[in-house]
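All remarks here apply to the structure that follows.
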Amino acid sequence: MGAGSVWASGLLLLWLLLLVAGDQDTQDTTATEKGLRMLKSGSGPVRAALAELVALPCFFTLQPRLSSLRDIPRIKWTKVQTASGQRQDLPILVAKDNVVRVAKGWQGRVSLPAYPRHRANATLLLGPLRASDSGLYRCQVVKGIEDEQDLVTLEVTGVVFHYRAARDRYALTFAEAQEACRLSSATIAAPRHLQAAFEDGFDNCDAGWLSDRTVRYPITQSRPGCYGDRSSLPGVRSYGRRDPQELYDVYCFARELGGEVFYVGPARRLTLAGARAQCQRQGAALASVGQLHLAWHEGLDQCDPGWLADGSVRYPIQTPRRRCGGPAPGVRTVYRFANRTGFPAPGARFDAYCFRAHHHTAQHGDSEIPSSGDEGEIVSAEGPPGRELKPSLGEQEVIAPDFQEPLMSSGEGEPPDLTWTQAPEETLGSTPGGPTLASWPSSEKWLFTGAPSSMGVSSPSDMGVDMEATTPLGTQVAPTPTMRRGRFKGLNGRHFQQQGPEDQLPEVAEPSAQPPTLGATANHMRPSAATEASESDQSHSPWAILTNEVDEPGAGSLGSRSLPESLMWSPSLISPSVPSTESTPSPKPGAAEAPSVKSAIPHLPRLPSEPPAPSPGPSEALSAVSLQASSADGSPDFPIVAMLRAPKLWLLPRSTLVPNMTPVPLSPASPLPSWVPEEQAVRPVSLGAEDLETPFQTTIAAPVEASHRSPDADSIEIEGTSSMRATKHPISGPWASLDSSNVTMNPVPSDAGILGTESGVLDLPGSPTSGGQATVEKVLATWLPLPGQGLDPGSQSTPMEAHGVAVSMEPTVALEGGATEGPMEATREVVPSTADATWESESRSAISSTHIAVTMARAQGMPTLTSTSSEGHPEPKGQMVAQESLEPLNTLPSHPWSSLVVPMDEVASVSSGEPTGLWDIPSTLIPVSLGLDESVLNVVAESPSVEGFWEEVASGQEDPTDPCENNPCLHGGTCHTNGTVYGCSCDQGYAGENCEIDIDDCLCSPCENGGTCIDEVNGFICLCLPSYGGSLCEKDTEGCDRGWHKFQGHCYRYFAHRRAWEDAERDCRRRAGHLTSVHSPEEHKFINSFGHENSWIGLNDRTVERDFQWTDNTGLQYENWREKQPDNFFAGGEDCVVMVAHESGRWNDVPCNYNLPYVCKKGTVLCGPPPAVENASLVGVRKIKYNVHATVRYQCDEGFSQHRVATIRCRNNGKWDRPQIMCIKPRRSHRMRRHHHHPHRHHKPRKEHRKHKRHPAEDWEKDEGDFC
């Protein structure tokens, strides 16, 4: 390559480099053309605690240019708020030319610390922070035509709350106050925290400790009893530093939540211990008071009281609404006593608020302790096989929902709820397949809900019956669909939106025969379930087993109370001590062998007069009647649903005792004689069993035909004890038959009491045909007296002395897609008691999307029962606690032993006026809430899609229970009831479902006509405006002149003729008034209602620009300007204010020479004629009435000189000022007159001279009472 080529190549390369450099310079010039550049921060929101200082960053850069040296950047900070769906910027400060102007409301709280030394640093320093400071802030920098901005988000954390000890108000020393805050996940608040909360509107008239050992409280609205050291001014009151041993409340400060607070609202409410257990099952703990306040601060809103870790019951309200504790947002507290002290009793039932930390940390005040609550573990098929249930010691109860109004269930069916009583556990074998419960605590109560199963034998889980296992059972659990807890919409507008945890429904495949255990009290039914059956070949159609067994006493305790000795069972039926026995039925061909079961019956306390009785053998133990149904066509297993009611006790009428009985030989196993009635006609009862064993004499319930009815005998239902042991066999036809040849009756004393129970519901699908019903209409019941307590002649027996009764449920059976071809029944045995008890009931069903028509009819002849319902919230959350007592209606004298035949008639049903409503039952059988009398429950299921209804029909003379009987409304509230639902009308100053919340009486503005309300301890007082009186300022004592309209103590008149502003004001003054002033939104609305044109008002800034004043010299308390007004738009000035009619009367400043209508305003209190003054007269025309603030002037008569002030004013009370003017003749004229008459020397007596020296009495002295 030649030298020329190299040179040319070098020139080409140089040219390319210059070209690139030129392009780069062009790009740099373009980049630097913009002289202002914002350095935006992208670090996320700025977080700071309450009452602290925070710096909101804002940085920008300036590129110096000769053309813009004179352009100085303007910095503006605003807060972005959303109002009416649109963003609005509230100005904070503006900085330019080394001058910083701070907007009103931010003065003393904001600054630019780096300005003006560092003009490019516009960081805003804000503090002490308030909770309302949270939000979005805009930093805007303007230089010439360039505009840059940045947004910064501020989050203020922490909340101040007042804490009161559980025992009383003002009960904490300084050390105890610090500890109370620590247990509430907070610290004791500092004075700056309380001041910041006050500036945000915190108002609480309770003195509390602060961190500097001072005692203070914040008051935004002064009222009697809350003045403190600031009189009637708002502010934080202070008692100064106090002795640490003095007692006050405390103000706590919670800084960070560090987790989530969630509401737990199960279908039935929880005790305090149950709430702890419920939270622990969800991997959380009960929330503390501070955590709930922080959650409320972050937006939690739930109108449902719930337990907290300190034992208090509170709930957070963001949006105030009716029946949620008052008109202001906040965390409400439920107090135990009317004086707003005390936490609810731990046994009371509420919902719960749980806290789950983001990182597992120990929570203050809620340590991990074994639960002793009322909630049992729920068996779930999702868990590992062989899961053991380990309940804590002590009996646990489940309270059924208090169905006092229709329930709206959302979600699917609810999982079973388990309760247990601790007893020795035994591990039993189980049939392979599916999860297995390795051990089950004895006396455990669970609710089974039936579901289709592929197993050969249906378990008690196919029946919606409350059952209680008396011994550990080895059970096979078949997997069932996961169910969710339903949520209810009840009183108080409460709607639960969350769903409970998914739990599994257990199904017990092979219940074994166990000795029964006592399990029922008055209105507290916990029947024992004990069955003995051998399973048929699983290839056959499934069997449905329904067993309701006679109860047997346990260790003499029901719940936490012991039974009286007079209610113990006879040793002739049950031994006080039964050793562990082993019962294994003989298997049938093709049947699976039932597992062996070992059981032990605890000792029963003996009566002092009772002789020792031998322990009976295994054959003497009470067994059960097994109700079996077969399906010959191999149809799948349909659910069996049943509901039971609590037992009720009454006396038989005297005429129902028939002593015509024939004794029969004793059975070797029976220690007592028995009889068989001669006139009893026993028909076969369809019970699916062919051979029955009678280990001792029993009584079997059977239909009885009655040929007469005594006038005293009402229609009642009683039943007999069943002591049969049945074994299953495949049989032909849907129903088996029971041979009554072995049926005998136990002896019954003539004054025996009869214990009845509400009839149950039994739904037994399983037949291929449709339609038809079967009802066991008449049953018998007997019981035996205790030995040693024979009935002496003449003695009386009351229902309280009944020792044992066999109670039957009378089902009306409807088959789902099948016909009922025989009646069925099963018996239970219960013990009456007057002890406080809780009615436990849960009902479940696996019916899918069916509508069930249920008709309930009450039998006659029931005694009056008194029910005292405990206090509580009426929402159907799962509890109904009642204390029942029975009035002894009549007693029967002692007679020899006799059997019992009861005449029966058809139950006469009459409508009770109960509401009838449409019920849609997606998958849950709704528990029935009836009265205290006997009821027969008929269930008719026509098809899976037929709509049904609830209708309650009553017969007899008993009145339904009145929920307002004991007036659950507190503080003088009035209870109103509608059936079983009640509501409270609260007196002034109280709110809440039961009027338990004491609110400010003045919140609802009780004072009328503009009166000022002042809240007091037990009421309020009204300070009335002039011309009003009465306790509520409801009395109008002064009126207005004709053509004027009165409003809140003033008179107003609208003048439609147009005048300039000055002329309008002059005309109003001629009428003893002024152009109207406006001091409240109510007054503005009243004035704006006069006309539909723009009108003058008395506001003006004619004296000082931008200093607006009213012409009546009242203060500027209220403003209602149009947007961007006042603006003083015209160069000549806009000094007068007009109400713009088409913009709802908003104000605008305009020139005063406009001709517009106007409104005059004057007072209602007027003064009479001015007082007369001697030697003086009024200037102008004398009037009959003068307006308040009107002035008059006196002038002296001719020849008299004026001394002192000549004007007086009409005061607000309608009286004139006392005149000060004095009119006196000059002394010179007297001397001249004396000198002129001197030659005559007409001397007068000295006495007359003294008389003339006295000044004459003036007229105004006579009217002394008219002056101030």
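Quick reminder: no glycine exception, Cβ is built from N, Cα and C everywhere.
Keep in mind that this is a model prediction, so the values were computed, not measured.
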Inquiry  = Can you look up which of CYS964, CYS986 is joined to CYS975 by a disulfide in Swiss-Prot?
reply    = CYS964
Query = Looking at Swiss-Prot, which one of CYS1051, CYS1068, CYS1223, CYS1268 makes a disulfide with CYS1160?
reply = CYS1068
Task = According to Swiss-Prot, one residue in ASN660, ASN978 is annotated as N-linked glycosylation site; name it.
result = ASN978
Ask   = Based on what Swiss-Prot records, which one of CYS986, CYS995, CYS1022, CYS1024 is disulphide-bonded to CYS1007?
value = CYS1022
Message = Going by the disulfide annotation in Swiss-Prot, which one of CYS984, CYS986 is bonded to CYS969?
response = CYS984
Inquiry  = In Swiss-Prot's disulfide listing, CYS1223 is paired with one of CYS1196, CYS1210. Which one?
reply    = CYS1196
Recorded disulfide partner - CYS181, candidates CYS139, CYS226, CYS252, CYS279, source Swiss-Prot = CYS252
Task = Compute the C-alpha separation of CYS969 (disulfide bond) from ASN1175 (N-linked glycosylation site), stating it in Å without decimals.
result = 72
Note = Note: in the chain of CYS984 (disulfide bond), residues six or more apart in sequence with C-beta under 8 angstroms of its C-beta are PRO968, CYS969, GLY973, THR974, CYS975, HIS976, GLY992, GLU993, ASN994, CYS995
Message = With helix taken as DSSP H, G or I, strand as E or B and everything else coil, how many residues of the domain 'Link 2' (258-356) land in each class?
response = 19 helix, 28 strand, 52 coil
Query = Rounded to an integer, what is the Cα-Cα distance in Å between CYS1167 (disulfide bond) and CYS1040 (disulfide bond)?
reply = 13
Key: Distance, CYS324 (disulfide bond) to CYS1196 (disulfide bond) (CA atoms, angstrom)   = 71
Key: Mapped DSSP class for CYS1002 (disulfide bond), helix or strand or coil   = helix
Request  = Check the glycosylation sites ASN121, ASN339, ASN978 for other C-beta atoms within 10 angstroms of each C-beta and report the one with the most.
outcome  = ASN121
Note = If you tally other C-beta atoms within 10 angstroms for each of the disulfide-bonded residues CYS226, CYS964, CYS1007, CYS1136, the top scorer is CYS1136
Task = Using DSSP with the three-state reduction, classify CYS181 (disulfide bond) as helix, strand or coil.
result = helix
Request  = Sorry to bug you, but what's the C-alpha spacing from CYS252 (disulfide bond) to ASN121 (N-linked glycosylation site), rounded to the closest Å?
outcome  = 37
Remark   = Mean pLDDT across the domain 'Link 2' (258-356) comes out at 93
